[in-house]
Each structure stands twice: as structure tokens, then as C-alpha cells.
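*Asks:* Shown below is the structure under consideration.
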Amino acid sequence: MGSQFDVCWMNQMNGLQWVELVGGALILYCYCLTTTSEAKGYMWRTLLACGVSGICGILMETAFAAANDCGNKDPNLAYIIAFNEINWIIHEVTVVLYSLFKSLSVITNQALKNSVYMIMAVLGVIFAALRINIGVNRFKFNMLGNHEISVAHSWAFISWGIADLVIIVLLVMSTLTYMKNDAGSNISGAFKTILTSSIPRIFVIFINTICIVIVGQFMNPSPTLSNFNHFLWWVKGTYPLIMLIDILLTKDLLLKSKIARESSNGSRSHPSTSVMNHSANKH
């Protein structure tokens, strides 16, 4: 039975699953290589949570599908796929959190930050509730997908897409504010951060999410549309890899932008304190 299950399990591992597993493994590898405490900041930890939860989610989901393929229709297996939604909640929330943390790293207005935190917290609760609804439906029908589960997926992705859209608007507004206020180094830091990867990356995630929702709601899609939908899910599977490349390319830039901004703010309010802090940072 064990060998038969192994064969069934491997048969469930298609291209999308391998992309996500390789992406998660690369995140773990890069995190282990990053030894300094400064580099292992909140964005790295967020990325790590995304990678680990993605690996666990894929393994549990494919194991459930493999058990069904091998003829094991035990109703208790439904608990596995239902509780696996916890992994997907962590995995998908951390994708948005990473973008949020990166965006807020170039924003100095604390009132704006607090407002964004509140908005994203509400969206996060809504998204988690909608993903739990997916788990309830999967438990109810004891399967990975049907029309009801597809509809539940769409509602969850809509809330996820709104969160991405909020971040895009936030980045554009903050950049325009820096330009208007002539904030010196803040303009450079914000522009470089955005142009390097933030808006293109978030925009790809946002558009892909909306496309999955639209295509997923076609009752009888053509073969071309079905293939396109499969491609969209492949793109979704690369999100952790996109984030990994993003953080490797921009972590030094973000750190320099943060130091420059703090130094600039400190010199305007307490010149002597700023000089002492900057000197201490070198040791």
C-alpha cells in the first residue's frame, strides 16, 4: 500500500506543485545563507513564513488527492484538506504583508501608516474568513474543488486583490507626496524602491488574481481558456520566487534608504543626536 500511495502521490505533483516546492526550498536555502541579524529582518521572516507554509500546503493537498486516487475514501481525510487552509491563509497573507512592509519602509507619515495598518487588518480578517469558508466547503464535499469551492475561491481572491490595489495606491500617493514636499533622499529611496520591483510585482499579482477570478467563473470554459487558467495558477505559484528575487535585489537599497531617511529626520530635529547615532551604527 505504501508503494502504491507513493506512486499516487508523485502523480499528483504536476508542474505547478514543483514550482512552489522549489520556490519554497530556495527561500529556506537563502534564509539559511543570510546569517546577519540585520538581513534577517521582518521582510525576510515574512518571506520565510510564505515559503514554509507553501511547502506544507502543497504536500498536504497532494497527499489528500493521492489518497483519493488510491481508493481511500475515508471521510476523516476531509479534516486534512480543511485544516490545510491554515497553511494557505499564512502563505497568501504573507505575500501581501511582504509588499506592505516594503511599501511602508519608504513612508514617513505615521498617521498614514496607522490608517493602512487598520485597512489591511480588516482585509486580512475578511480574507481569512473567506479562506476558512473554502475549508468548510472542502470538508463538506470531501474534495479539492467543485463549483461551490470555485466561487469561495473567487471571493477570497477578490479581497486579496483589493489588498494589493491598496498597496499600489499607497506607493503612488507616497511618491507624489515626496515629490511635492521635496523630501531630498526620500524621493530617491522611494522612486528606486518602486521602480526596481514594487509596482511591477504587485501589479502582476493583482492582475493575475483578478484574471483567476474571472476565468474561474466560466461554467464551461473552452480548452484555450482552461489552458490559460492553468497558466494563471502557474504564475501564482511563482509569487514566492518573485518575492525572493525582489528582496535579494533591493534589501541593500531599502536599508540605505531607511538609514538616510532616519539620519535626515534626526538631523532636522536633534543634530547632535543624529551624528552620535550615525557614528554608533558604524561600529
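The backbone N, Cα and C atoms fix where each Cβ goes, and this holds for glycine too.
Values in this document were obtained by computation on a predicted structure and should not be read as measured data.
Okay, so TrEMBL annotates it like this:
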- 263-283: region 'Disordered' (REGION)
- 15-34: transmembrane segment (TRANSMEM)
- 46-66: transmembrane segment (TRANSMEM)
- 86-104: transmembrane segment (TRANSMEM)
- 116-134: transmembrane segment (TRANSMEM)
- 154-178: transmembrane segment (TRANSMEM)
- 199-219: transmembrane segment (TRANSMEM)
- 231-249: transmembrane segment (TRANSMEM)
*Asks:* Counting only CB pairs under 8 A, let me know which of 15-34, 46-66, 86-104, 116-134 has the most with the transmembrane segment (231-249).
*Replies:* 15-34
*Asks:* By a Cβ-Cβ criterion of under 8 Å, what residues six or more beyond either terminus of the transmembrane segment (116-134) are in contact with it?
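*Replies:* Answer is 85, 88-89, 92-93, 96, 100, 104, 149, 152-153, 155-156, 159-160, 162-163, 166, 170.
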